[in-house]
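Copied over from TrEMBL:
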ACT_SITE  B:328  active site, acyl-ester intermediate
DOMAIN    B:65-237  domain 'Penicillin-binding protein dimerisation'
DOMAIN    B:269-606  domain 'Penicillin-binding protein transpeptidase'
TRANSMEM  B:21-42  transmembrane segment
């Protein structure tokens with residue numbers, strides 16, 4: 001009897017303790033560990049890539065600290081709230097994109113920024129990376145799955161408007177990621193394989209159409225990708241130099257801060273989009289394998305968490321966010337190593353840069369929310 | 001409520017679909033990441049060698065290290081050409097920050113005129129790359145260097161840079177023989193190994209600087225440096241030091257050279273002095289000269305035009321390139337030819353009525369003394385420089401034999417070893433005239449050539465060489481300027497030395513020596529005025545060349561040109577006769593009579609070279625005599 005009592009007390013306190021630590025915080029320790037490992041490693045690479053500048057590292061660390069807070073904050077919202085909020089969010093962000101088109105700020109040949117003078121300057125397209133999967137997931141979760149023709153049509157419409165606006169800025173990278181996030185929701189919702197095959201076929205057939213609708217600089221990027229040696233000092237320079245950096249790193253790498261390609265400034269954009277080349281040059285194949293393993297574990301854990309969500313919205317949203325994260329990694333590493341054309345996609349959690357890391361961490365916050373909330377929220 | 005119910009109803013199935021799809025996705029991610037890793041293996045393992053080479057090529061740059069140019073010294077190791085450090089002021093825009101302000105401060109510090117601001121600003125922009133130093137001011141003086149040094153902290157990016165520049169301390173009177181270096185031109189590129197000259201700015205253009213360019217220049221070194229993508233040098237990886245150029249010791253005696261310069265001052269002329277035994281050129285003076293230092297850094301067009309168009313032709317090296325009629329200085333050689341060909345015996349004489357007539361020709365070829373020298377034998381003909389005797393001899397010799405024999409003395413050819421651009425003069429012959437004018441040779445022309453006029457032209461260097469050969473009793477040594485290149489002695493015998501001039505009877509040489517000595521000391525000697533109080537045995541031969549080449553137009557020109565119609569004064573000499581130490585040729589353009597104008601100069605040159613040695617040897621002899629007598633005293637004392 002006494003034993004039973006004490007066991008009960010013990011079990012309850014243990015549960016209580018668990019509740020106090022992770023569940024009440026709505027965090028997943030494994031995902032957090034993977035995130036922090038990659039971010040920490042990224043800061044080490046950034047220190048070298050930025051020419052031993054502590055300024056860059058400090059700014060990046062502060063940004064991630066803030067992003068972690070945002071993640072923590074977002075993780076507190078229940079998926080139900082998010083689902084209700086999705087439509088409103090979608091409409092607001094779409095209006096912002098329209099505003100960007102009208103009154104946005106130009107930079108580097110594109111109109112991507114929305115500036116509220118003296119307060120903030122940001123890219124609404126970044127927010128769409130969250131709004132899009134939320135909205136599609138919110139819509140589909142209310143429908144009978146797998147989605148039918150009508151559902152698909154609605155989704156296509158929901159997707160088409162913002163993607164068109166973003167592509168018009170022009171921002172190929174982001175519009176592609178936004179499209180991917182929507183497509184992943186649909187795929188995860190159980191779209192029939194036959195249909196997927198047909199769509200892929202149509203997509204390939206539509207390639208020439210895409211070509212004629214591209215901007216000159218985008219075409220140039222594709223051409224350069226196909227044959228970087230054609231313009232070794234112009235647009236081909238980036239790819240040649242990044243391949244040289246990666247290749248010269250070898251298996252063991254040249255050592256931290258010893259990469260000649262990056263330290264001697266041959267490598268362009270070395271602390272932003274091309275930072276993975278710095279890592280590959282200085283830490284070699286081993287470093288790359290470690291990095292890719294971390295990403296793989298992160299994605300796998302994310303997929304597991306999504307699948308543990310208690311409702312369809314959470315599953316679809318979480319799964320889409322994780323797979324979009326994968327697209328980030330794949331496109332970035334692919335373009336830097338010369339297997340994909342150069343599109344402006346940063347290496348997530350590592351590249352130095354503004355809004356992208358914040359939206360990414362916010363996405364992970366949502367993932368943690370869908371994973372943790374079902375256990376505590378009474379139905 | 002319907003959708004919700006549907007969700008509830010199908011939630012288990014939907015979760016199953018999702019799990020299924022996420023497993024597919026997990027595999028997909030794995031495969032795609034494996035693809036990326038495969039790509040990394042391809043780049044980092046399979047193609048590693050290619051990329052490591054490419055990255056090394058990226059970062060490494062090979063930079064040439066120019067060698068220091070060898071010095072040029074005279075025979076007493078006095079420096080004739082050296083490398084002077086000059087100090088230039090450079091500005092690196094990248095470090096300067098506000099370039100305009102820095103230049104304003106610089107102008108203030110150096111007290112430069114205000115209008116220099118634009119000039120300096122312009123110069124600061126000359127370099128495309130902002131980290132490369134742009135040359136603002138060159139050749140700073142010590143005061144300026146000090147001022148910049150004191151104010152360095154106020155002049156970011158401003159540096160004083162040292163650069164070695166060729167400097168000729170004795171520019172004015174060494175310029176022709178030394179030549180000069182100048183910036184490498186397109187033409188120069190053709191004759192050099194460009195890789196060896198990659199870091200060199202200057203190259204020998206004329207004279208010794210040109211002839212011994214390879215030796216003086218040395219071997220360029222190389223350093224490999226690491227650069228960044230913008231080409232800025234970051235550190236040195238390896239270095240092969242340059243091998244500096246060899247020092248060049250010349251046979252010239254700068255004191256004798258300077259004396260020659262002073263003796264010719266204000267005149268147009270040349271002196272070449274040779275040591276007969278070795279062929280060493282002791283002095284090679286051409287006046288007027290020019291300052292060859294001006295050519296080193298690049299002379300401005302106006303100054304160059306002034307030098308080039310000067311009627312006195314200061315840029316022209318008269319000593320090695322000037323072609324003059326050798327005139328009567330050739331009479332001793334003619335005499336030797338007559339003896340060798342058996343046309344005359346030493347005692348044979350000719351009656352000189354004041355002129356010579358060819359058989360069946362009424363034209364009179366006049367002796368310089370209108371009333372004639374009466375009966376003259378060979379010795380007297382040389383001593384008084386009788387023309388009639390040599391007209392007669394030349395006529396009997398004929399142009400073919402004359403030309404052939406004079407070639408043996410080096411006329412018509414350049415036999416110098418290392419005198420850059422030496423002329424070969426002109427030794428006329430029947431073939432030459434046919435080739436040149438397509439005309440037959442006239443007997444009268446032989447007479448002119450017989451006394452060193454007509455078509456015959458020789459450089460002062462050739463005349464000095466010929467008299468040196470004569471002083472050597474016909475033994476040839478090629479005249480040369482270099483005594484020592486690095487560690488290597490330049491000594492006879494040299495390759496391609498012409499055959500010695502052989503006479504059947506070696507005593508004939510003595511006859512000619514005596515005749516030439518008589519020129520200086522004989523009662524009738526043409527150079528006797530310069531032969532007074534000789535402390536050694538000097539031999540000489542005067543010459544007076546008529547200036548026959550004058551364009552029609554020049555006749556109408558001012559009185560100055562009148563002077564240019566005067567005869568050229570020539571004198572060849574050597575001494576001491578029993579052991580010749582020096583042989584020389586002097587020419588003074590439009591100087592008048594050789595015996596009057598050129599002979600005193602020859603005497604002074606010989607005195608300057610021979611007397612110091614004579615004195616010391618006399619002292620040595622006196623010493624020896626004293627010691628001998630002292631020893632004898634000791635002996636007798638015993």
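Just so it is clear, glycine is given a Cβ too, placed from its N, Cα and C backbone atoms.
For the transmembrane segment (B:21-42), the list of distant contacts is empty: no same-chain residue at least six beyond its ends comes Cβ to Cβ under 8 Å. The residue listed as 'active site, acyl-ester intermediate' falls within a helical segment according to DSSP. Shown in sequence order, B:385, B:387, B:451, B:452, B:541, B:542, B:543, B:544, B:570, B:594 are the residues of the chain, 6+ apart in sequence, with a C-beta less than 8 angstroms from the C-beta of the residue listed as 'active site, acyl-ester intermediate'. In the predicted model, the domain 'Penicillin-binding protein dimerisation' (B:65-237) shows an average pLDDT of 83.
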